[in-house]
Amino acid sequence: MAELFYDADADLSIIQGRKVAVIGYGSQGHAHALSLRDSGVDVRVGLHEGSKSKAKAEEQGLRVVPVAEAAAEADVIMILVPDPIQAEVYEKDIKDNLKDGDALFFGHGLNIRYGFVKPPAGVDVCMVAPKGPGHLVRRQYEEGRGVPCLVAVEQDATGNAFALALSYAKGIGGTRAGVIRTTFTEETETDLFGEQAVLAGGVTALVKAGFETLTEAGYQPEIAYFECLHELKLIVDLMYEGGLEKMRWSISETAEWGDYVTGPRIITDVTKAEMRKVLAEIQDGTFAKNWMDEYHGGLKKYNEYKKQDSEHLLETTGKELRKLMSWVDEEA
């Protein structure tokens with residue numbers, strides 16, 4: 001079972017005694033920087049020259065400096081720029097500013113897991129990964145609550161890396177909800193698998209296949225959209241609140257019976273075997289290498305896939321139907 005840690009297990013004074021640089025000011029960056037500041041931590045934000053986020057960070061009362069300067073000043077450096085550019089930012093602005101005893105933090109383990117970033121032996125390497133988007137992390141913190149976090153230590157140069165990581169998690173509200181101890185390898189591999197096989201890749205492929213099956217059989221695209229995409233939110237919300245049990249308790253007996261007898265015909269042993277192949281490609285680094293090659297090669301295939309899906313009948317139908325739904329903008 002998972003090892004859980006709460007407020008009483010973490011010493012906030014540890015992170016309060018350090019100088020923290022948050023590199024990046026996107027979804028997670030703003031939540032980390034503002035919440036750490038409000039927890040009494042000495043924070044600066046490191047941004048590249050010309051960053052559009054600079055004005056926003058300064059308006060919110062944070063000190064913004066170039067990335068290299070932030071790294072030189074701080075002894076805890078949290079890298080929260082997008083995965084594909086982390087290695088470049090590290091090599092250019094962070095690597096030469098690290099000192100023995102410093103700590104390098106990440107919000108996701110990809111660049112450490114696959115060796116794109118190789119920290120020196122004298123620094124702690126930790127991860128604090130909230131299991132929610134940045135706006136939720138910040139809102140929960142402000143309301144006196146928190147979002148559960150994953151915490152990991154890849155390199156414990158000082159002997160105090162885990163205590164430091166727990167302290168950091170407490171500074172952003174994570175220990176109020178609960179912190180789960182993991183490893184960089186476990187977090188990275190499960191995160192990528194979940195995204196590809198279930199949450200993004202799996203769901204979008206399932207929705208498109210269902211929509212295409214109905215429209216190819218002569219049903220109206222609008223009706224197919226409602227049945228295969230729109231109502232997905234109702235089911236996912238129920239699962240989010242109470243797992244499969246609450247979802248099945250809430251739907252009709254007809255729908256529940258269809259779940260039991262038809263679901264296994266759609267997600268078959270063949271599908272699961274393909275999932276195992278996907279996991280193997282994540283574990284052996286194939287996916288990470290291919291993704292980095294694609295990104296640094298100009299994103300040609302990525303943009304082709306994106307364009308194809310934007311022109312799919314599912315998408316064009318949805319754009320028109322959502323104009324009928326006044327509540328959609330209100331929920332966004």
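In case you wondered, yes, glycine gets a Cβ from its N, Cα and C as well.
On a predicted model such as this, the values are computed, not experimentally measured, just so you know.
The domain 'KARI N-terminal Rossmann' annotation in Swiss-Prot covers 2-182, and the record cites sequence analysis as its basis.
Feature annotation from Swiss-Prot assigns NADP(+) binding site to Y25, G26, S27, Q28, S51, S53, D83, P84, I85, Q86, G134; the stated evidence is sequence analysis. All chains included, 17 other C-beta atoms sit within 10 angstroms of the C-beta of S51 (NADP(+) binding site).
Marked as active site by Swiss-Prot on the basis of sequence analysis: H108. A coil conformation is recorded for H108 (active site) in the three-state DSSP classification, outside any helix or strand. Around H108 (active site), a 10 Å sphere centred on its CB holds 21 further CB atoms from the protein chains shown.
Averaged over the domain 'KARI C-terminal knotted' (183-328), the predicted model has a pLDDT of 97. Annotation comment: Swiss-Prot describes 183-328 as domain 'KARI C-terminal knotted'.
Listed in sequence order, the residues of the same chain lying 6 or more apart from E231 (Mg(2+) 2 binding site) and placing their CB within less than 8 Å of its CB: none are present. Feature annotation from Swiss-Prot assigns Mg(2+) 2 binding site to D191, E227, E231.
Here the Cβ of D191 (Mg(2+) 2 binding site) has 19 other Cβ atoms within 10 Å, regardless of which shown protein chain they belong to. According to DSSP, D191 (Mg(2+) 2 binding site) sits within a helical segment. Taken from Swiss-Prot, the feature Mg(2+) 1 binding site applies to D191, E195, supported by sequence analysis.
Listed in sequence order, there are no same-chain residues at least 6 apart in sequence whose CB falls under 8 Å from the CB of S252 (substrate binding site). According to DSSP, S252 (substrate binding site) sits in a coil region rather than a helix or strand. Swiss-Prot lists S252 with the feature substrate binding site, giving sequence analysis as the kind of evidence.
Neighbour counts were taken at the CB atom with a 10 A radius for the binding-site residues Y25, G134, E195, E227; the maximum falls on Y25. Of the residues the record lists as binding NADP(+), namely Y25, G26, S27, Q28, S51, S53, D83, P84, I85, Q86, G134, the two whose Cα atoms sit farthest apart are 19 Å from each other. Across the structure, S51 (NADP(+) binding site) and H108 (active site) place their CA atoms 22 angstrom apart. Counting in whole angstrom, E195 (Mg(2+) 1 binding site) lies 18 from G134 (NADP(+) binding site) by their C-alpha atoms.
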